[in-house]
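Feature annotations, courtesy of TrEMBL:
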BINDING   ASP30, LYS35, THR86, THR121, GLU158, LYS269, ARG334  NAD(+) binding site
BINDING   PHE155, LEU156, LYS157, GLU158, LYS210, PHE255, LEU256, TYR257, ALA258, GLY259, GLY263, LYS327  substrate binding site
ACT_SITE  CYS266  active site, nucleophile
DOMAIN    320-422  domain 'UDP-glucose/GDP-mannose dehydrogenase C-terminal'
Amino acid sequence: MKIVIVGSGYVGLVTGACFSEVGIDVTCVDIDHNKIENLNKGIIPIYEPGLEDMIVRNMKKGRLSFTTNIAEALQGAEVLFISVGTPPDEDGSADLKYVLAVARDCGKHINDYLLVVTKSTVPVGTSAKVKQALQEELDNRNVTIEFDVASNPEFLKEGAAIDDFLKPDRIVVGIESERAEDLLKSLYKPFTLNGHPVIFMDIVSAEMTKYAANSMLATKISFINDIANLCEIVGADINKVRKGIGSDSRIGQKFLYAGIGYGGSCFPKDVQALIKTASEYNYDLRVLKAVEEVNKDQKLVLFNKIINYFGGEIKGKTIALWGLSFKPQTDDMREAPSLSIVKNLLEAGATVKAYDPIAINEAKHHFGNSISYCEDQYETLIDADCLAILTEWPEFKFPNLKIVHKLLNTAVIFDGRNIYDREEIRESGFDYFCIGVDTAKNAVKLKS
Ligand code: UDX
């Protein structure tokens, strides 16, 4: 089978690479000439473990190619996936101009049946608009060509996207014809051999599933962070509470780690978009509004702990930061808690020295010369007054505490990801503050 993927961003590249990996003939399209030129040379625009190898391997086998010419790519293709960006516009709703432009291109260039599958995260009702835009172009050409639309949201986690695609928990597909169902069933067959299902449903429900899934996950995080903050006040330990509640199979252990708030390209955008969609239907999504509010405050919890520790004044202090990306295994800093924390530290007059295993280049786009960047995690500690952990990269988990102690001006660690054993760190002579496990006494000190 020959397929086309339009939009060679994160989702498009992973999708294209994985389909070609199982032997499907894939053409990836993008309007960015520079990007396509680089991809044809094997230069990948994003960091995702395993992706570069997979792309280069399949290009060599002749199963994966890149072009800017959608008309050419469509020749002989049966299925086209739309995976272009849907940036939020000013009021928070997804901007569909790129998605609909692809639909129009299809209408201009197809000569035979095509199944157009929307993979980009788009508001409920978008597939209907895709269908209409494509039909309008066919009408302009005065031709009758059969086509279908479908919705197939992705559930890829950055840093684990290849694995998520090859061994999905489930594949959600919204369809409105048997032909579309059969095509997608056979396309996804290689990925469902592990027994995980393709769940077919109507298109609107599939579109809704994507937003509901991400909103549910974001809700879990804001819930546990809210409880963590209360744990600090009453003297409880969130790690114990998490284990205690997670053992109930209805709740589960996953995605209940307290921290400094969720970031990334999906949760903040999708929660905001669903609230917006609801409001367009005059429905007030109260739970999700609270989820957003808790997350906004949570991004500053660590900053507040730092400023309170130093008696409300950090002007002239140097703060060492370990980790800037929104989570490990990615250089993505979109909506990362580090953005809010650095902004507040600088506004309070502190100097910031930061290290991240791979996000430094990305960080330079955000912070420019306003902070200094270190090549090594220990280098950040020289002349620093405290250490703050913002991302739980594995290499931060077992630091040489003697060196950390020796280099820091004040032996204090603020751990925004709860990666250390509190007793062990305190026994090594540090003051240690993390999320949701401070004693009631510390919490009172922090509040004052
Ligand atoms: C997410 C969804 O998991 C994925 O299914 C969807 O398609 C896209 O959005 P991603 O944005 O890559 O994927 O990140 P994820 O690993 O889900 O983490 C999101 C954020 O939640 C991170 O900032 C992470 O630090 C935070 N998080 C996650 C917590 O604070 N606690 C947790 O227990 C889990």
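For all residues, glycine too, the Cβ spot is worked out from N, Cα and C.
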Entries of ASP30, ALA258, CYS266 (recorded positions) sitting next to ligand 1, with Cβ under 6 Å as the cut-off: CYS266
Cα-to-Cα gap, LYS210 (substrate binding site) vs THR121 (NAD(+) binding site), nearest whole Å: 7
Listed binding-site residues among LYS35, THR86, THR121, ARG334 whose Cα sits within 10 Å of GLY263 (substrate binding site): ARG334
By Cα-Cα distance, the member of binding-site residues PHE155, LEU256, ALA258 nearest THR121 (NAD(+) binding site): PHE155
Other CB atoms within 10 A, centred on LYS157 (substrate binding site): 13
DSSP-derived helix, strand and coil totals, residue by residue, for the domain 'UDP-glucose/GDP-mannose dehydrogenase C-terminal' (320-422): 36 helix, 18 strand, 49 coil
Cβ-Cβ neighbours of THR121 (NAD(+) binding site) (radius 10 Å): 22
For PHE155 (substrate binding site), the one of ASP30, LYS35, THR86, CYS266, ARG334 that lies nearest, given that the recorded positions are compared by Cα: CYS266
Euclidean distance between Cα atoms of CYS266 (active site, nucleophile) and LYS157 (substrate binding site), Å: 9
Recorded NAD(+) binding residues, ASP30, LYS35, THR86, THR121, GLU158, LYS269, ARG334 - maximal Cα separation rounded to whole Å: 25
Assigned conformation of LYS35 (NAD(+) binding site) - DSSP reduced to three states: helix
CYS266 (active site, nucleophile) versus ASP30 (NAD(+) binding site) - Cα distance in angstrom: 21
Nearest recorded site to THR86 (NAD(+) binding site) by CA-CA distance, among recorded positions LEU256, ALA258, CYS266: CYS266
